[in-house]
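Engineer: Residues or ranges marked as domain 'P-type ATPase N-terminal' in TrEMBL: 25-66. The domain 'P-type ATPase C-terminal' annotation in TrEMBL covers 1279-1569. The feature transmembrane segment is assigned by TrEMBL to 51-70, 76-95, 426-445, 1310-1331, 1343-1362, 1392-1410, 1446-1464, 1497-1516, 1542-1562.
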Amino acid sequence: MGKEKPEIEEKDRVLVTGRPATHRPDNKVVTSRYTAATFLPVAILEQFRRFANLYFLCVGCIMAIGYYTPAFDSAINPWTTLGPLGIVVSFSLMVEASADIKRHKNDEETNNATCVILRRTEELEAEEGAERDEEMADGKDVVVDVNTTYMRAGDTAVDNRPEKPKGDSARISFQKVRRMDILQGQIIVVKNREMVPADMILIASSSENGSSYIETSSIDGETNLKLRTSPHLPTKLLRHLKHGTPMDEMEPIAEGDEDDFSGGTETLEEATRRVSRFSSLCLPKGVCVLRNPDYKGVTTLDDAGNDGGDEEGMFSAFKPHMVEAVKKYTDKDVPVDKNTKYVATLTSEPPNPHVNTFTGKMTLPPVEENGECWDIPLGAENILLRGAVVRNTEWVLGLVVFTGTDTKLVRNSFETPSKFSQLDKLMNQTVLLILMLMAVIISYLSTQSVVTTRRKFDHLWYVGLNENTSEPWPYLPDMDAPAWVPTQKNWVQMFFLFITLLNNLVPLSLYVTVEFVTYCSLFWVWADLDMYCDQTNTRAVARSTIITDLGRVEYIFSDKTGTLTQNVMRFKRCSVDGMMFGSPITKSKPGADEAPASEFHPLKRLLVGNVKLPMASGLQGLGASSGEYEIKADKKLTLNAEMFIRVLALCHTVVVEKDYDMKKKKAEDGGKPAETAPMVLGGPQGPDGAPLGFAYQAESPDEGALVSAASKTFGFQVITRDSSGIRLCVKCPSHLRDPAIVSALKDGSKTLLSLAASSATNIDYSDSPDEEVEVVTEETWEILAVNKFDSDRKRMSILLRAPSELGSLPVLFCKGADSAMLDRDVCTGLPAEDDDAKLAQRAFSRAAKAIETQLYIVGATAIEDKLQVGVPNTIATLENAGIKLWVLTGDKRETAVEIGYSTHVLTDKMHLTQVPDNGEGHVRTQMSMEFIRLVKLGKLPLYQRSIVDEEEKMSWTSIKFSLGKCYRAFTRSLRTCFYSIFFTLGIWKDWAEGKLEIIKEEEKGEELLVPDRVRMKRVRDRADEVIKDWLKSAEGVRQRRKSAHQSHVSVDDAASLASEEVPRVFSRATSARNMLSSLSVEGGLSQNERRSLSLAHVTAANASRDDDGPIVDEDTLSMASFFPDPKAKTRGDFDRRKRTLLERLFAVDRDVRKGKLMKHMNSERLATILEQQQHGPGINVPAPHDGPRALVIEGAALKHLLGDPELEEVLFAVASNCEAVIACRVSPKQKALLVGLVRKKVIPEPVTLAIGDGANDVGMIQEAHVGIGISGKEGKQAVNASDFAIAQFRFLESLVLIHGRWDFFRLSTVVLFSFYKNAVMVGCIVVFSGQTIFSGTPLFDEWTISVLNFICGIPIVVLGLFDQTLSKEYVRKHPETYHATRDNETLSMRMRARWVLICFVHIFTIYYMSVNPHQYGGGYTSAFDGLMASGFEQIGDGEGGDHKSVGLVAYTNVVSVLALKVLFEGKALVHGHWPAFTCRKDVGEGFFSRVAYTWHGVIWGTFVFYIFFISVYSILGRGGPSPWSDFVEVGRHVFTTRVQTWLLIMFTPLVAMTFDVVFKVFSNMFYPTQTQLHLEIECNQRLDRTLFERDMALSSRQSQQSQQVRSEVQL
């Protein structure tokens, strides 16, 4: 990307202001992978890294060696393999070239975008082709007067200074340049709504004090605007730079006013003059100020009223390397003397990827004679990063500090990792398995060939084998001896011969077919209008080929803000005076019974002063209705209501800015710009409640929502915020206008509580209140101090002085999280002692806490991040599909929980286990106790003490574990040797080194790999140890005593931190014994069940004992063990011995295979059920209450668990047993770690899906198997890093349940059929080898072998594109159908075994019904065109025993069987509504939806194409000797002269498919899959609907006919 970096990177960056640094990288960014010169070699190399392509290339080379050299024989022409391989590779190269061309176009568009820089006019005019920007300053130059005294240093003779400095002038122009041509050190101009082209220091803007708002959604995913400021310049220096006034001619500034001086606003011309005066734009020969002999490298900001101590420490990091940096990168050859002019210099940190930090300084030359240099500190608030967008600022000026590859955005860029779908992995595993099988078959055939040839060597004279080379031909003694071959071919030669013969066992067309179907499936995703968002004109986009993984998702990890919500904060509810205003938030699950709604009032009712309250005792009979009474305010709000609204309108950091976006929109519409109209008090409002033409800019969306609500809902509008304070437009009278109230508050005679009570109980019983005339008043509240929000206090406050008309009362308004505001120290604490602490950076938190005491609570707010449409229903549907949802968000815990209820991730019936960060010991103990609780409940039986303490015995599992370690060690050794060769030879050294590092990491991971039993024992022991250590700690003892005091239980029983209902974790033995005894007496448990159960001996004493024994002795006897779980039948209910052999081996459905059907139920249980059905329910034993649970954990708590393998397993064990998991306050790295945790801990590894919309979601999107990006308001980084992009979360339902499910079924069938197709053909060849004495002669013609993939590939491609397993409507109504693909139904081991079985059946059927009938050769002739009709004049015309004829008949049967097999593998024989060639108006679907695609694929793609190929191939060899001469007229001979051919090609496929049909009917009738059951249900529903519609239509016609008859009779 761009220019290369210097070999030795300096530790500090030094840039001269306004002077381009040509030795540094330019601003060009390249994302394309190839150039014209490197495309072919690199892309071809990439293609042959694919295993299949490399395999066929090697086989093709082997065939070429055998075909063109005498080393060994090749059974088939090499071009039958190399030719199709070339077509496949060419197609892949075209796809890769197309993708890279798009990347080139995007790079060209990005790098050639127009930008504007400041440049000297003479340089611009001298450069050929330079273009001036005509929009900036109306295309005119800016003339800058340069003060000659300014920038001069070292002259101590004050008398030599002229009386009135005379300066030169410089002309500065605005030049248009391409973005890629921007260099470091240049000054650029960026306008509103434009992207910042490079990292730059903000030095001026159109806003007050040179500030600017930027949007960084493409960098960090945050959509709220961020404020950036220009460096703080000292007062004298600012006035000098702005006006050019010499320092000695400035009027003195009053003491204390230095910090109050405001730079105000300035025009672009004024800013250009100010900036140019200290840059090389005005002084092109100026020298870097760091070379000034008087420069001491310290800050001199005393004139600005700042203490330079901190800055001295800040700049100390620059000093050690400053000298070297100056010598290396500045004009060192220019001599320095007393007349040297110096220009400002920027010193910054070196390039790094940290987007939230920046350290640097701007050094300005001396302003006056004998003056010192000025060091201006720079931080993160002064830098604008590439990728940010300037917002609500007309223009900004910036000094470029980093460009191109040095920018923080590029250094944070990443290469999207290539993902392999589960289907791809299965394909590769199957190919490896086939290769192993192929090696075995070839070895067997080679051995048989050598043995058979040696045994029959003396009888193989007809093929040229004879040990006596002088012997003549048998039966022809008079002829000369031929060139006999005295020896037979050895085993190695035959091995290579059979490699060439059986190379097609691996289907060459497999990857091409799958790739083509996949790309078409990606297009179907784009074309699906169900996933089209008309609001943003956004379609779903598939960016990856792992679409089949969408059909196997088990876990979904979702971001919250912008993913589940619209990222639009809305003021929803508030509580004032003990009453609720605003509609409540529904927390119940869709379809569940709604909870009774609490009483509430509309939000506007807060202003009316007329509310209804529940009748309190003693108020009856006062004229109010029964149970209620009215409170009416006397034309004023209640005091609490007024103060509540004032907190919303005043306690914030919101700034009112001109809305340049509205200006631009109105200008485009031809209207008048909004900000040109004067601000009218109480006038029209903008969309956010600000005055029309202005906008509220908040640091957080929720703060902006509160200010907007105060303005739009309650009429307290913030007009401006400046140095004088906050101006409000108020439409309601205030209690503070009463001097008595103000005086009482000042002298303390009345409290806010008493005043609030009196204002709220001023009851007016008049029939109708007096009409009030609305009076709009303006208030200006003086800002005394602002205590900003921090993570420690979790609140903010502002100290204001009320306007004089409100008594100039000083008021502290405060808002924050409920957990922080309801703290006793805040509401009832004593005021702090009055010390002299200032609100400075070091004492900020202490001073804020000191003043935020004895606060009076006036109300509470509820802000809702508005949900996206359809989110709750989508989540419910995905849950019904068996998919678990984890929400990973950066929000605080309270907000995450509320959003969980809003989205129905959480429901009222769920018990929340909340894990805050209460310290490492507390978090680990809480999770360990929750883990033990689940073990005791029987939810984690493998961790029970009775199991983990059992001695490890020799089992198949332990044998597999040992063999696996040996296999992995062996493969690592082979890979190490292989990569070491490349590393030693220096070929692809970096690549080989990376692979060796991966192998080392694998070895480290292998050391930690232990058997499952050992690992689980360690986890259990670790959990017990954590709990025991905590119980002994002071915190544990204190917690037990506190819990025991609050709950009135023993200290031992209060030892648990586990969040649970009854019974507790460590005291369930007594209740268990009692219930067991009662159930036994009542007959609830049988004697067998009672004997099979034991009781947990866990007591509080065991939990708190001091010995080193385990905390839990025995866990098998949980309360849940007494009762079968209705969702997962216990083993005792079923008798596994009732399973049949076919059920164990043949059934695909897991419940059938495991014996969990009604017929497998034991006699006692079945009799009980039948008795209940006949005589009503018997004794119903309720299961212990342990309903659905949810885990809510903070990111700070996760850091105490992640990274420790044993604690990670504890965390996952708890999380996996929860219905919902919400992780809040998590970092992007923690999101990715949680995804990795699930992938690592679940066995077998589940398919995970991560969905998000911001840059902070990129980590988990890349870590998950499938990454989904939301095209939302948080930039495009998530979309760019994702595999699929959608506009809204609700589209995930269609993407996963519809497209994922369909495509998994389609591509699974394509893969299985591709392997089956080639296996049938090669199987026939292998069987035929026995009749050729294993000589390697193929049954089929070599070119017909190569074309099989094309002939039989088209129908399966059509099926892969259009087959629909269940309709969209049915799947949406029954999301449980997703279980079939999630459980890998189509590619399960038993389903693959079915394909293998039918493959063998078809091989033997085709071979013996095609080849054996021809074993008598010419004995079978045609009745009309053979020997019988023409005598002996056309000898052999009807014969069919030759090699080519027999092979063609067998090949035709193979093609027919494969074509019919495609039809039977589709979920319907006819796709669409028949007839498919008509367009009927009464059919809801269009024409193309009713076409029978599979039939057309079979008819035209297979049979018609096959006839065409055979016809052409039969006449190709007529022109003379050629590779096709052997097949001349074979087709005509076989198909036009032999009746037997037609009999065989009619009955052979029929017999073969009969076996297939019988197998399918048998399996569907007796052992159906879940999909088959749903297909039958849908078919019956469709049939019933059709019959119903037909009956209704018939009834309607009969009714009309009857009515017509009655009318005729009446006439």
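Glycine too: its Cβ is placed from the backbone N, Cα and C atoms.
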Engineer: What stretch of 76-95, 426-445, 1343-1362, 1392-1410 shows the most Cβ pairs under 8 Å to the transmembrane segment (1497-1516)?
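Structural biologist: Counting Cβ pairs under 8 Å, the winner is 1343-1362.
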Engineer: Ranking 76-95, 1310-1331, 1392-1410 by the number of C-beta pairs under 8 Å to the transmembrane segment (1343-1362), which range is first?
Structural biologist: 1310-1331
Engineer: Between 51-70, 76-95, 426-445, 1310-1331, who has the most Cβ pairs under 8 Å to the transmembrane segment (1392-1410)?
Structural biologist: 1310-1331
Engineer: Calculate the per-residue pLDDT averaged over the domain 'P-type ATPase C-terminal' (1279-1569) and state the result as an integer.
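Structural biologist: Across the residues of the domain 'P-type ATPase C-terminal' (1279-1569) the model's pLDDT averages 80 on the 0 to 100 scale.
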Engineer: Using a Cβ-Cβ cut-off of under 8 Å, list the residues of the same chain that are 6+ residues beyond the ends of the transmembrane segment (426-445) and lie near it.
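Structural biologist: For the transmembrane segment (426-445), the list is 51-52, 55, 494-495, 498-499, 502, 505-506, 510-511, 514, 1311, 1315, 1326, 1329, 1334, 1336, 1387.
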Engineer: Report, as numbers and ranges, which residues of the same chain sit near the transmembrane segment (51-70): CB under 8 Å and 6 or more residues beyond its ends.
Structural biologist: 76-78, 81-82, 85, 88-89, 428, 431, 435, 496-497, 499-500, 503, 506, 508, 510-511
